[in-house]
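Annotation comment: TrEMBL describes 1-20 as signal peptide. According to TrEMBL, the domain 'Epoxide hydrolase N-terminal' annotation covers 33-148. Annotation source TrEMBL lists active site, nucleophile at Asp214. Residues annotated as active site, proton donor in TrEMBL: Tyr341. As annotated by TrEMBL, active site, proton acceptor applies to His400.
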Amino acid sequence: MSGAMRVIVFVELLAAVCVATFPRRPSFTDQAQPFRIDVDPEFIDYTCQKVSLTRFVAPLEAVDVLAEGPPVQNSTAIAAYWEHEYDWFAVQDRLNQRLQQFTMNIRPGPEWTRPIDLPLHFVHHVSPRPDAVPLLFIHGWPGSFIEVENIIDDLTNPTNETLPAFHVVAPSIPGYGFSPAPSTTGFGYIACAHAFNGLMQQLGYSRYVMQAGDAGGIIMRYQAHFYPEAVLAGLNNFWLVYPNSTDLERYAMNLTTPDENHVIESMTGFVAHQWGYGQIQQTRPLRLAHAMTDSPVGLAMWMFDGMFAAVENPEIWTPETVITWTMMHWIQGPYAAFRLYHEGSKDGAFTIDSFEDLPFVDRPMAISEFPKDIWYRTPLNWAQRTGNVQTRYVHSYGGHFPAWETPHELLPDIWDFLGRISEGGYSP
């Protein structure tokens, strides 16, 4: 290709990406509007061009690649599948058929620090059951709203009519999926909690239950704290409880229980060896975004590193699944999702080397624990230091994404604990 042709191709690609910064930008009004994913084909062509031009890392002999990141063969395999086999439009059609999606402007409440409307994208499935209870499902990073796909039908219309049913709402955190990124700084977990309660109120759900993990689990705790009159109860599969000084002293003297030992060792190991991504996203999110916004394969590997380590069965991460999860961050760019960690540290949720104070939650809570998650085997009395945690479900299989990987394990927890809820309140 001549130099002139290269310039022409570059200009054409640049024009495509400028048009498609948020491909097929949705409309937002004060009423819920049906939404279908419809990404600009030019943007998909641009993405495929970027994938085909990927420059791969040179492999290094005798290195423990799993200790440093995904092996090079992972990136080459993902790129090859992305370039030659992945069909975004088939995935888009499937998501549109499986998930009923909407957009809406969320009006600011008196608690908001910024009195401006917030545009949100969300999934909303209404149960046919008259006794159904509203349930708010919140995803985390590196996930997105599509995490709800494997549980939503069983929640809204379980085949066993004796099981409880729910009206399910699953929003995209702003900057993830198809909720536009915040236009200003200051939007963290607390702001998300205000926005998601506003979403439920505008949908007519004055009282509701919650299920969440990862960032969603943090948002849940703020939301239940700020809106106890609205949040009836919650099931959290990411209940942060950092060991206190007394715990660590007891551990040093071999006075801690096996469960306490497991949590302390898991937490310290995670911070020492795996929390690097969170530290970077907290402190220098823009530095990272410059690279990841320009490399779809690089972004996929950044995300996949955490995805691979956090599940029991890595085979769930097929090339199509890894790419689809990446697309939920690639389409509008990953900067806002990275920045949520930066804003979350301002909210006090965590620091560079620990997880800090979160508000005490008075509403009834339960925790689901899975072996491949860092908070596995958190003792109930530890969890109760930061909330009204009434039940602990300890599983022998699963990881950080239970709604996706092990819905058959998570669903019984939801039915058992949140199923005790009626519109009149909580029934212990």
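Cβ coordinates come from backbone N, Cα and C, glycine included.
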Assigned conformation of His400 (active site, proton acceptor) - DSSP reduced to three states: coil
Secondary structure tally of the domain 'Epoxide hydrolase N-terminal' (33-148) (DSSP, helix then strand then coil): 44 helix, 23 strand, 49 coil
Long-range Cβ environment of Asp214 (active site, nucleophile), under 8 Å and at least 6 residues apart: His139, Gly140, Trp141, Gly143, Phe238, His400
Which same-chain residues, if any, lie at least 6 apart from Tyr341 (active site, proton donor) yet have Cβ under 8 Å of it: Trp141, Gly278, Gln281, Gln282, Pro285
Coarse DSSP state, helix versus strand versus coil, of Asp214 (active site, nucleophile): coil
DSSP-derived class (H/G/I helix, E/B strand, else coil) of Tyr341 (active site, proton donor): helix
Packing count at the residue listed as 'active site, proton acceptor' (other Cβ atoms within 10 Å of its Cβ): 24
